[in-house]
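Annotated divalent metal cation 1 binding site per Swiss-Prot: 59, 61, 151, 313, in sequence order, evidence recorded as sequence analysis. What Swiss-Prot lists as divalent metal cation 2 binding site is 151, 182, 239, and the listing cites sequence analysis. The N6-carboxylysine annotation in Swiss-Prot covers 151, and the record cites sequence analysis as its basis. Look at Swiss-Prot and you will find 156, 286, 335 tagged as substrate binding site, backed by sequence analysis.
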């Protein structure tokens, strides 16, 4: 199968050019002008459009069981939504397994979830929910099998203490893996939450008040220091929501510490006022939405390079689930927002089209740096000969209003309802195959491939 994309502006993280792009047998074969491929081939006219590498979303939660509920997107509906939003690769954060389970247990479970459902290519982050000799011995074997990043939690049921974190950091570093972490101070949150519940203060706004930014920032600072103690172990902070935590990361980077950070569209574009709306329960996620001042600080990090990745933390629970389970109490509400379909369009509209970032920086945030950090470069995140033919075509001339009824996930609402975006995803190709075109999903379940990722190699800081 040959596909020739003509007349578009091809953009990579290191530059852009108006040129044509030839994909053959799922692989980029040639870029340039006046390409004359052998017949037969499909021709796609991208006049006036940007031709970007397909998005790489390194933070999703599909089919996750959080005890009180299972998310309503499985690996078909979740990756279908991703494809329709220009994302061609996801790395899913696996949920917790049974108490005392081995690392391999959850990998086998999740490979079963995805095998016949995923529309796009996928991998997983391991999850370390307890520490013992068997777990530590498993890590290098898992890395050899293509799982080169693992997540630690400082909050929730399987939070690790500082000694366990140090053991994990050391072994992951020795094994060629990147440590990712959900950083929030669990004890401080539990104390604040108990105060509010005792006082009968259970409305959605108290979710945010029970998890102040200092809880997140303290945990970030602690992880930075523990990583240094563990031999300068590489560290990746997920879903950053505030400027104080970013300040700590800037300081670590200035001291040449190997730390990287992601944020998400919700922390750039939504704020804590959402909790005071009639549907405030739909915005329950952790860390919570912050104020506009924190948004501005994050946008500075997006613009000046301090933030490395924009992912989604897509974790969808329906409003029916939220209301039935919570009964109006924030502390009982399952956490998470949908967004895997909207990430690329929202960042393009609010970043590129406003002049906050260049098209090249857009690529760096949404595909190139995620691919580099998580062992997929140059197969993913790049349009060059030999790379996978993963492409998203965006037309900057089109304006669209986000409406849930036009989205492809399995949620019954969108936090982005009514947002107007300048720029539209008009086509998505995965390994040269069109899986979304002009509003219509054309992919199929099970075509996605499991990606064995390379051991961690730090990009140049």
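Here the Cβ of each residue, glycine as well, is placed from N, Cα and C on the backbone.
Residues 59, 61, 151, 313 make up the record's divalent metal cation 1 site, and a Cβ search at 8 Å around their centroid adds 60, 92, 93, 125, 182, 238, 239, 311, 314, 315 from the same chain. Once Cβ contacts within 10 Å are tallied over all protein chains shown, the binding-site residues 59, 151 are led by 59. Counting other Cβ atoms within 10 Å of each Cβ, the binding-site residues 286, 335 show the lowest value at 335. Taking the mean position of the Cβ atoms of 156, 286, 335 as the substrate site, the remaining residues of that chain whose Cβ falls within 8 Å of it are 155, 182, 184, 285, 336. In this structure, the CA atom of residue 313 (divalent metal cation 1 binding site) is 11 Å away from the CA atom of residue 335 (substrate binding site). Among the binding-site residues listed here, namely 156, 182, 239, 239 has its C-alpha nearest to that of residue 59 (divalent metal cation 1 binding site). Less than 8 angstroms from the CB of residue 61 (divalent metal cation 1 binding site) sit 71, 92, 93, 95, 313, 314, 315, 336, each of them six or more residues away in the same chain.
Geometry remark: residue 151 (divalent metal cation 1 binding site) versus residue 182 (divalent metal cation 2 binding site), CA distance 8 Å.
Of all the binding-site residues in the list 156, 286, 335, the shortest Cα-Cα distance to residue 239 (divalent metal cation 2 binding site) is found for 286. Residues 59, 93, 153, 180, 181, 183, 237, 238, 313 surround the recorded divalent metal cation 2 site, their Cβ atoms falling within 8 Å of the Cβ centroid of 151, 182, 239, which are themselves excluded. Note: residue 156 (substrate binding site) has non-local neighbours 96, 182, 186, i.e. same-chain residues 6+ apart with C-beta under 8 A of its own C-beta.
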